[in-house]
Amino acid sequence: MQPESGANGTAIAEFILLGLVEAPGLQPVVFVLFLFAYLVTVGGNLSILAAILVEPKLHTPMYFFLGNLSVLDVGCISVTVPSVLSRLLSHKHAVPYGACLTQLFFFHLFVGVDCFLLTAMAYDRFLAICRPLTYSTRMSQTVQRMLVAASWACAFTNALTHTVAMSTLNFCGPNVINHFYCDLPQLFQLSCSSTQLNELLLFAVGFIMAGTPMALIVISYIHVAAAVLRIRSAEGRKKAFSTCGSHLTVVVIFYGSGIFNYMRLGSTKLSDKDKAVGIFNTVINPMLNPIIYSLRNPDVQSALWRMLTGRRLLAGGGLN
């Protein structure tokens with residue numbers, strides 16, 4: 001997608017990303033921290049994915065969705081961090097117009113799939129705890145694949161919609177972005193044409209893409225909580241809640257940072273707060289997910305340990 005000059009296009013061929021810090025002395029520190037975060041995230045998520053693939057005990061719907069979530073986390077951080085590291089090494093801050101829109105598309109693609117996948121995981125927990133007798137039929141392999149495929153299809157439509165809508169805007173003035181990656185709020189502020197329709201589109205589609213999944217997650221866990229509280233055994237309640245704790249933690253972090261980021265479109269100036277939220281969305285969230293799921297899940301811990309020590313699981317079974 002190339003920029004066009006004139007009334008119906010843009011005269012800007014590239015954007016300038018200022019990055020996280022402008023002081024040359026701090027850039028090596030930022031490079032080391034981002035490289036460490038990237039390696040930990042990729043290594044952690046791929047380790048969880050490998051453990052799920054090789055351990056029969058983890059061949060269940062919950063871990064099928066967790067494996068897909070690990071792939072998404074690797075994709076999400078790979079959209080932003082490698083380009084940040086490249087710019088820190090080359091000291092070049094220019095990003096071509098097409099590359100900026102490409103980054104925008106893939107970022108919203110992965111985040112969109114994340115929204116729906118977290119909803120599918122909540123639905124899985126609802127069925128496992130509230131409908132255990134029909135769980136195996138309602139959450140068959142065909143249903144699992146359909147949920148993942150639908151998540152990708154909806155997220156692709158959302159990402160393509162925002163990218164095409166962004167390509168219709170004119171960029172004829174300043175091209176400096178006070179951020180470390182391209183996203184909708186930053187590009188809206190640089191447009192010299194009206195972004196009112198784009199912002200309305202963001203809120204409308206955002207309500208469908210984020211509001212609906214979040215409502216479904218809340219409804220699912222209301223039913224889960226009610227079912228768990230009816231369990232007489234304290235040990236049974238603890239075990240039921242433990243299977244949901246990791247997922248709820250990830251949901252709160254994911255939606256909390258996302259809402260803060262996109263509900264501030266009216267702000268006239270980008271600040272360090274926006275960069276901090278951006279780091280949370282693109283770096284910390286993907287890095288925390290494998291830590292949260294491994295720390296709070298003994299099945300994942302034991303599978304990772306067996307994989308690292310070269311042992312294979314002899315007995316099946318495990319969580320639904």
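Any Cβ shown, glycine's included, is placed from N, Cα and C.
Remember, TrEMBL labels are computer predictions, not curated facts.
Features reported for this protein in TrEMBL:
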TRANSMEM  29-54  transmembrane segment
DOMAIN    44-293  domain 'G-protein coupled receptors family 1 profile'
TRANSMEM  63-85  transmembrane segment
TRANSMEM  105-123  transmembrane segment
TRANSMEM  143-161  transmembrane segment
TRANSMEM  200-229  transmembrane segment
TRANSMEM  241-263  transmembrane segment
Would you mind listing the long-range same-chain contacts of the transmembrane segment (241-263), meaning Cβ under 8 Å and 6+ residues beyond its ends?
62, 111, 114-115, 118, 121-122, 125, 128-129, 184-185, 202, 206, 210, 214, 217, 221, 224, 228, 274, 277-278, 280-281, 285, 288-289, 292-293, 296-297, 319
Take the transmembrane segment (29-54) and find every residue of the same chain, 6 or more past its ends, with a Cβ under 8 Å from one of its Cβ atoms.
19-21, 63-64, 66-67, 70-71, 73-74, 77-78, 81-82, 84-85, 88-89, 283-284, 286-287, 289-291, 293-294, 300, 303-304, 307, 312
Are there residues at least six beyond either end of the transmembrane segment (105-123) with Cβ under 8 Å to its Cβ atoms? List them, or say none.
62, 65-66, 68-69, 72, 75-76, 79-80, 147-148, 150-152, 154-156, 158-160, 162-163, 181-183, 209-210, 213, 216-217, 220-221, 247, 250-251, 254, 258, 281-282
Using a Cβ cut-off under 8 Å, which residues of the same chain at least 6 positions beyond either end of the transmembrane segment (63-85) come close to it?
19-20, 31, 34-35, 37-38, 41-42, 45-46, 48-49, 52-53, 95, 103, 106-107, 110-111, 113-114, 117-118, 120-121, 124, 144, 147-148, 180-181, 282-283, 285-287, 289-290, 293, 299-300, 319
Can you tell me the mean pLDDT for the domain 'G-protein coupled receptors family 1 profile' (44-293)?
87
